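Colleague: Submitted below is the structure of interest, expressed as structure tokens.
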Amino acid sequence: MATTGQVIRCMAAVAWEPRKPLSIEKVDVAPPKAHEVRIKVVASGVCHTDWEYLYEAGRGMNLRPFPLVLGHEAAGVVESVGPDVTKFAPGDKVIPLFLPFCEECDQCKCEKTNLCKKNWENTQAGVLADGTSRISCRGQQVYQFLGISSFCQYTVVPDTSLAKINPKAPLEKVCLLGCGVSTGYGAAVKTGKVENGSCCAVFGLGAVGLAAVMGCQVAKARRIIAVDINPDKFQKAMEFGATECINPRDYGNKPIQEILVEKTNGGVDYALECVGSPVTMSAALESTRDGCGTCVISGWTETEWMNVQVIKILMGRTLKGTYFGGWKSARDIPQLVEDYMQKKLKLDEFISHNLPLAQINDAFDLLRNGQSIRTVISLEDF
């Protein structure tokens, strides 16, 4: 392409400081270095984690350096590749990934985990392998959120944090597989291993929770109880496979775990926590059945503590955490794209709003007010 090897000037939503709205700015995106790929971002989902890192920075989340460009759930097209990149070429359709897959480390070679740590510390700090970002604005380095920064029309990512996908895949749909849908769906079918005929409870009905409901249905769970304090989400949960919905506020001060234990005659087989609240995590665990209940934590928080009564574990329950749904990112995401293309996996139904980059702050407002499931930002429209 004509831009290969050149700095690209484009538009991005820049977070200059915590708890302030994003600012639409012209930024410069440098060419990729060794083992890096520059992408033209076509579409990006707006994830609750993006909002939290901006508006809850330093509270339940570790403080990242500012200024930064948020966004980590995206899809795009390869614009150019750096030296030593062998698996990608200009024109490839791709999904950037905040979880790498180097194929070489012990974690990648082990089927029990997906936690590859290639460039992990750097990307968590908002920089690439050489300790710098490829994005700058007003002569200042702008950090790349989780090594991605998809609220920018172009970005550069490590070649180990990228999945090449079906060239026919609609990027404005499959971008959701970059985080939320993969996380919730995998929590049910991969980490939790929900069984045929089982009874499940899903806590939280955002995109991750609805994907967990979908996963329970795909696993042929007999009963899927969706739990949320926002009843406006219940119809959508039923469309994804929930068999019943519960609003804890309808029961006064009675703990939700007690309600579920009573309704299921002893507790659910699987509880999937998709909120990121330690209180909800404890409730989810306590809602499971003695002896064989499994609780999977997929809601995200970094600095908070979960309270677990030891007897709940001693009585045979299993407590698991999942990161990115347990998927080995670059290896497994292309297959999830194929599942969507073959209508085995829903994505369109998660998208409640489509907005241009210029309205990114409106997307955050919709999210904060519980009015959206997933807003997809078009980076081509401005």
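Note that Cβ sites are derived from N, Cα and C of the backbone, with glycine treated the same way.
From TrEMBL, for reference:
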- 34-166: domain 'Alcohol dehydrogenase-like N-terminal' (DOMAIN)
- 207-336: domain 'Alcohol dehydrogenase-like C-terminal' (DOMAIN)
Colleague: Helix, strand, coil: count each for the residues of the domain 'Alcohol dehydrogenase-like C-terminal' (207-336), based on DSSP.
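Modeller: Grouping H, G, I as helix and E, B as strand yields 59 helix, 22 strand, 49 coil.
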Colleague: DSSP says what for the domain 'Alcohol dehydrogenase-like N-terminal' (34-166): how many helix, strand, coil residues?
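Modeller: So the domain 'Alcohol dehydrogenase-like N-terminal' (34-166) is made up of 20 helix, 44 strand, 69 coil.
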